[in-house]
Amino acid sequence: MKPRKWLLGLLAIGVLLACCWQKLLLLFDHEALIQHFDPMDPWSTGLFVAAHILATSIGVPGTLLVIVGGAVYGLIWGTFLSVVGATLGAISAFWIARYWLHDWFAARFSQSYRYRQLKGMMQKEALSCVLTIRFVPISPFNLENFLFGLTPVPFRAYALGTFIGIIPGTLAYTWVGVSGMQALHGQSLVPLLLALSLLALLSVMPILARRYRQS
């Protein structure tokens, strides 16, 4: 890969961080997040989605945002807004990696057996692969976005698989936000425990499914 692309990429990231530093700090302040995102204000809702896109694009974990989305917007709207924002951010990160690193990565590992195997799998079962990986809610979502950009996975399969695949995990984390806020206001802890149990179940389901197929 040409050094010029590296320099342009680093410069773009540096400018983005400098312009958005205060907004990035906001992502780690739970109280400020709840104060900033008014569920009755369309501009505030747009800011929530934009924060998701920005965080995912530059690799900032968005789990806190998903939980806050549940606390502010409720289960249905919180899940929907988080899925849309995270998907758009994942698409942005995908294209960053594909534009700046894909050619170098493909040339560097073109003779690798594992790379050729991955390439064939992504061409034949791209959507299934993306769905399987996205389904696990505790997987390194932001890292996956960039890694997918290095592979030959078709963009359409990546975008669709990401949008559908993150719905269960996003729903579970949003439920944590909803039930956690209810628990803080003196309501039952049972919904929160159920939400955490759902997260645990989603995390182990791919392992259980793999063992079932092998048996």
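For all residues, glycine too, the Cβ spot is worked out from N, Cα and C.
The domain 'VTT' feature in TrEMBL is assigned to 60-177.
TrEMBL lists 46-68 (among others) with the feature transmembrane segment.
Annotated transmembrane segment per TrEMBL: 75-101 (among others), in sequence order.
As annotated by TrEMBL, transmembrane segment applies to 155-176 (among others).
Positions annotated as transmembrane segment by TrEMBL: 188-209 (among others).
Sorting the domain 'VTT' (60-177) by DSSP state (H, G, I as helix; E, B as strand; all else coil) yields 98 helix, 0 strand, 20 coil. Computed over the domain 'VTT' (60-177), the whole-number mean pLDDT of the model equals 85.
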